[in-house]
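Asker: One structure is given below, represented as structure tokens, and several questions about it will come after.
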Amino acid sequence: MSAYNPNFVPPAHAPVPLNGNNLVNGLPGAGQQQHPQPPPSAAQQYLAQKQPQQFQQAPPAAGAYPGAAANKFLPPTSAVVGGPPPLQLPPSTVPPSTLPPHLRPPPTTNANVNGPITNGSNGASSANSSRTASPRPMGAQPQQQPYGQGPVAAALGNPPRASPLPTSQQQQPAVANLTNSMQNLNLIPNRTNGATGSGSALPPQQQYPQQKDYRSLGVAMAQARPPQFIDDKGTTSGIAPNVMPSPFSGQKPPNLGPLPSKMFGTAATPDRPAPPLAGQRVAYGVPPPPSTEQQNQQNNNPQKAAPPPGTAWPAGIQSPQSPPTQQVQQPSPYAQAYPPPLQQQPLPPAVQPPPPGMFGTQPTGAPLQYQAQAPPQAYGQQQLPVQPQLAGPAAFGSPAPLNVAQQGFSRLWGQDTIDLMQNRHILSPATLPPPKVVLHNQFHESINCSPSIMRCTLTKIPESNSLLQKSRLPLGIVIHPFRDVNSLPVIQCINIVRCRLCRTYINPFVYFVDSKMWKCNLCYRVNELPDDFQFDPATKTYGDVTRRPEVRSSTIEFIAPSEYMLRPPQPAMYLFLFDVSIIAQQSGYLEAACAVLNRHLDEMPGDARTQVGFICFDSFVHFYSMAEGLNQPHEMTLLDIEDPFLPRPDSLLVNLKECKELVRDLLKQLPKRFAHTHDPGSALGAALQVAFKLMQASGGRITVFQSCLPNKGPGALEPREDPNNRSAKDVAHLNPATDFYKRFALECSGYQVACDLFLMNQQYSDMATISGISKHSGGCVHHFPLYQKTKPHMVDSFRTCFKRYLTRKIGFEAVMRIRCTRGLQVHTFHGNFFVRSTDLLSLPNVNPDAGYGMQISYDESLTDVKTICFQAALLYTNSEGERRIRVHTVCLPVTASLPEVMHSADTEAIVGLLSKMAVDRSVASNLSDARDAFINATIDVFNSFKIAQNLPSGQSGQLIAPRSLALLPLYILGLLKHPAFRVGTSTRLDDRVFAMDCMKTLPLDQLMKYVYPELYKIDALIYHARNSNSSTTQDDDEEEDEPLPELPRLQLSAEHLDSRSIFLMDCGTLIMLYVGLNVPSDVLETVLGISSTAELGDYVYGLPNVVSNENDVLKRFILRLNYDKPYSALVQIIRDTSTAKGQFIERLSDDRNDSSLSYYEFLQHIRAQVK
């Protein structure tokens, strides 16, 4: 039976003592014996070259050891056939012996090599019998390695170091002693099923021997114990207590060889983990180490040689009470069930890579998502630090959690992923910025078109249509062409440089061949530059062509010369049509409209040629003449509404500057003129016909105020809505009932006339039909349902909106064309306009509050290009009669990688384009198809991402999404619950149609607040106000300049509501303040000027003026929210117990209601559909 001291249990691969002693139980090893050294193999030469770099430590300084006796406590080594060289322990980690004198080993003597194997001086080799047989890799070829071969010989064959320790020549007898002992114990010869064979060496071609089948003992026991071998006496050797489970416990071994990093860990250091304390539990599945008596019985060694308590154990030697350390991966007992992969031909020593798992490389036997996970281990085992996985961008997107380095690189590459099921609160605390376009050109990136003007659904364009179809993402752009811009370069030049082939305007992304030639970035034609292009109008000097404003700004405006005019620029022409029926008089809108118009008459855009006119209609049409010589307006009534005509066309449109007093007088008389009429008729069609006849000569804008269903004359309509079916799943009557209004709009568009509609209805007015006058003429629609002059908040809201409408800038007789790089084209447009040709939009009027959307298709592949460009050119006449061209150019990179396409998605632009497409789908088909299209689009996108990232199928509980698309399900759910697309909730048909119109015409920034409002908790504002009020003594002007704290944005769920706080929800045109029931009275008093919530009514609008710092800070925060809006939003205050609470709760789209799912339930539905 083999015998050794359990108190000196070395690790699986411990170095040979450098002084030639092979110590077991503190006794010297056998005598030295010389053996010839055969030439080393290629693998051994490689390991010999690699050993000084990866395994050896710095040589100890002279006198580092107190004596040679200290080296006797170094454990023996175990040579692994074909494995890596043993780790050389640093001398600094070997402390001097602290054993009592009677336990210290005697000095080294030259014993008889062929002497008997006992427990005495010559039993060193026998003692190592149970731990010198190291496992080989699966599929490795075992062979006998005499002295001079293998990693041990390679390690000992290094040149002698400057050290008092013996050289390699003095260590050879110890290795020979070890080899003879292994031969005597028959551990090197062939083993089959755990039995030893003859003493001959294995041939190199023999396969790895089969291990004893331990499956009957359980996987955990088999992994925790090494195989037991039978010695030459027929007895079983003991099991070392320091055996650890395989790093891939319960899994197929992924590599062909043992992992040195798993076997060795790091170099032994004095700060080893402390042994487990008494009473601590051992991990399930790992057998506890045998007791000291069992170890002594197994090893036939009753001697106990342990340092006294509190003494550190020598480096490389494990305490018997300490938990097992990391060791060689033992061959799995069920390794035969998994045949090893085919081996490749070995590389030459000069180019052969280090084994997998080495420091500096990473294991490649498992996918990246599993390499990042730590292997299972038992209690007390040391955990190796996971090396950073510096993989390429395509490796990310795995469902497993990544380490810090991987997450950092993923964010750096813009390819971060997230599990939506585990991150339900996905909304970013701050407002999400638009994704950045990376062009690898700092100048081009800095001057690219602003995302507030033009955004593409993908910031990296797929190189082919097939790649786009694989991504299942829509390709299109959303544009806000006439947006108010603070610093817009305006250029007036004789020649506007354009491409002679495609007529593209010169822009920053063209290529200058030289100072006389430039290459178009859309069609790639080389064009000549005019001579005056070298002149810089900013500096009034001649110089570099790249200094021109046209090539330094992607948004620029040209003053067009005369060749861009078909006729002289038209003057600003405004015609107002007022509904004066009995319903209109009861609503009282006319009084508010005339008052706002009279107040802001001078602020309307125009010049000295500006003209205005007014027409009223009920069952008849009323004209107002303001000719010269009249002291007051003269009214004329048209009774024949079936064949309308102009009674006096010369004085119905008058010059505003010349007849301003008559206009003001008329605006004061109109509300009183029809105050006592009771005519229920509305001849809208006839009024529109005479208005067109009045405007067709010059073009302009018709503003229509309608309060009821048109029921007289041309275009008369009948009620179609069934109030009992407002919550039905199949919504009917989304299409117009007649094409009268559409034909009228198209006729107006041909004469540069646009129609805008203000619907102030008390009842159903068939907006789906009458809104056609605006949809097809480039106009806009405003809706104020249930308008009443007795509702001050509605009056204020209408006044604010109408003021913005009157005073905002306007462009007349406009056309817009979208140009694309060769290979792309625009195939579908969304918005209010008329398509005159394939890429030309007719916009009789263009306003700064209108947005548009376009879908892009492929004509040919983009394989040979690196970037593509979209250019939008808007030609219009401003209110001063000046013809101008506003040009926007955006440049985007092209990619051939599907993961890059998925990670470059712009969620907000996608939602904006999908909402426009869904409106057309609802009108062309039905609302159910549009809702299904939303859900199917979401499922298709996540399916495509799963395929692009090679994510395993059938994973339960996970919904992996790229960070760029993480908010897509949240916004899609908001669309499904929006009044435009919701079902199961009572929604008036006019409200639904208006919501759909907003989906098509709102700019993207306003649309996102309309779809998914912003929710804030304003406690931080109140704290900031009180803190600044109590700690500062600045003036009021200086306090206003203090920056406001950034409030985190909350998801729309009632779980965030607190009865002790105040919440603010920004819905775009409406801001709601939700006041909790238990808000402190001092907060109520300083913010709202009340002592308790009971003082708040059910419907309270407007923020009260309170002289307090808290009230001022809240007003500043609301002003900041309104900064980018066309006009200030109406503020509504809702207490917790108010009847208006339902208006606030219905906008919490993350929560479940009677007819729709919650956000988490929607994620579960999406996850179940993703295959």
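From the backbone N, Cα and C atoms, a Cβ is placed for every residue, glycine too.
Unlike curated entries, TrEMBL annotations are predicted automatically.
Sharing the features that TrEMBL gives for it:
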COMPBIAS  19-35  compositional bias 'Low complexity'
COMPBIAS  42-70  compositional bias 'Low complexity'
COMPBIAS  83-108  compositional bias 'Pro residues'
COMPBIAS  118-155  compositional bias 'Low complexity'
COMPBIAS  165-199  compositional bias 'Polar residues'
COMPBIAS  292-304  compositional bias 'Low complexity'
COMPBIAS  312-337  compositional bias 'Low complexity'
COMPBIAS  338-357  compositional bias 'Pro residues'
DOMAIN    496-532  domain 'Zinc finger Sec23/Sec24-type'
DOMAIN    569-805  domain 'Sec23/Sec24 trunk'
DOMAIN    906-1009  domain 'Sec23/Sec24 helical'
DOMAIN    1046-1117  domain 'Gelsolin-like'
Asker: Could you tell me what the rest of the chain brings near the domain 'Zinc finger Sec23/Sec24-type' (496-532), counting residues at least six beyond its ends with Cβ under 8 Å?
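Answerer: Answer is 443-444, 447, 544-546, 550-554, 558, 560-561, 819-822, 867, 869, 871, 873, 885, 887, 889, 891.
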Asker: Please compute the mean pLDDT of the model over the domain 'Zinc finger Sec23/Sec24-type' (496-532).
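Answerer: Taking every residue in the domain 'Zinc finger Sec23/Sec24-type' (496-532) and averaging pLDDT yields 93.
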Asker: I'd like the per-state residue tally for the domain 'Zinc finger Sec23/Sec24-type' (496-532) from DSSP, helix first, then strand, then coil.
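Answerer: For the domain 'Zinc finger Sec23/Sec24-type' (496-532), the helix, strand and coil counts are 2 helix, 10 strand, 25 coil.
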Asker: Let's see if you can do this one: DSSP helix, strand and coil counts over the domain 'Gelsolin-like' (1046-1117), in that order.
Answerer: 22 helix, 15 strand, 35 coil
